[in-house]
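In what follows, a single structure is set out as structure tokens and then discussed.
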Amino acid sequence: MRVTQQQVLDALSRVASPRGAPLTNANVLSAISVTDGKVFFSINVDAAEARAWESVRAQAEAAVRAIPGVSTAMIALTAERKPGAPQAAPAAHRHAHGVQPASAHRPPQGAASPMSKQAEIPGVAAVIAVASGKGGVGKSTTALNLALGLRDLGLRVGLLDADIYGPSVPRLTGINEKPQLNDDRKMIPIKRFGLSIMSIGFLVEEDTAMIWRGPMVMSAITQMLRDVAWGTLDILVVDMPPGTGDAQLTLAQNVPLKGAVIISTPQDLSLIDARRGLAMFKKVNVPVLGIVENMSYFQCPECGTRSDIFGHGGARHEAERLGVPFLGEIPLHMSIRTTSDEGNPVVASEPDGPHAAVYRAIGTKVRDQLQGAIAAA
Ligand code: ADP
């Protein structure tokens, strides 16, 4: 059954805003996206009023979900602080899924970690971020293969593709089905390779994902973290959007991270970017579990000979200099690329090969640092 925008508007007109006017007359709705029964939009309000709007967001979501033919409704409450307005209480925007500009979140120097206040995700022992200072360094490829390496260690592992600007997990895993909803109306992550996987790319077309406005990034990701039935997981690996801008900083602050893994290539520029990544996590008191050097050296597919054409080892030195663990070197190898592009990552497709061993070794170093959190859960 085809759902129309008019049906969504009709449903929303029956939801009252905090001041009583119908939601459709409150001048707070973004454009409404309706594709294949999936409805997305945001309610944009002043941060000072965010708390009052949370129940409206929930009612709007329920009203849209009740429309016959709607399979998914994802409604974000974005709360933008007006210049000069006082800062809303942190609880208001946390509960409201709303976000303020990252600058408003920044803790004063030496303040207690905002992470300590983040609500854990029920059933998930440890959430970790895989981040990079810039795009194209192999962050997503590494996140997926690391998740598989952790799986091989006997852990229950999930993967959340939080790169909503350019989700690549659907391509890397070959998943093109849509998540179903359970009885609690939570999205059921897709099971593939023994991982529980969720990506905004399962829900929207790639170009739709690109148009999310800054503040919506966080609310979309919060919903993917909290409105997904993750079940019981030892580790949830979050593939972060590339870069170290405000969106990434806000994300690092708002997700209950137990640690971060930074991916870099040996080229100097990328190492500089990696340093920015380190600084970003330090700022929000998220422990850096270590640096991975990707495309570290070239391994000849025919003879297996190794050539250090990029002057590899920069990331190891950098890690030593900065006092963070060095997690390992992944070669630049054709089969890592081709297996990724075919949606059959190398750890799954060549489990006995040398690359899988590298990812498992990195996974072991990550697991060892999270042992406490996993055991506590
Ligand atoms: P990012 O997430 O940093 O943008 P991707 O994981 O999408 O990067 O990787 C970018 C490209 O590099 C992809 O085509 C991927 O297959 C390839 N790639 C990543 N790591 C390696 C590697 N170690 N060897 C060969 N190709 C790689």
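Cβ coordinates are placed from backbone N, Cα and C, and glycine is handled just like the others.
Please treat TrEMBL annotations as automatic predictions, because they have not gone through curation.
The domain 'MIP18 family-like' annotation in TrEMBL covers 6-72.
According to TrEMBL, the region 'Disordered' annotation covers 82-116.
Under DSSP, S140 (ATP binding site) is assigned to a helix (H, G or I) in the three-state scheme. The ATP binding site annotation in TrEMBL covers G133, K134, G135, G136, V137, G138, K139, S140.
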Problem set entry | Candidate with sparsest Cβ neighbourhood (10 Å radius) among G135, G136, G138, the listed binding-site residues | G136
Problem set entry | Which listed residue (K134, K139) has most other Cβ within 10 Å, given these are binding-site residues | K139
For this session: Enter the number of other CB atoms within 10 angstroms of the CB of G133 (ATP binding site).
Result: 25
For this session: Can you tell me which of G133, K134, G136, our binding-site residues, come within under 6 Å of ligand 1 at the Cβ?
Result: G136
Exercise. Which one of these binding-site residues has the most other Cβ atoms within 10 Å of its own Cβ: V137, S140?
Worked result: S140
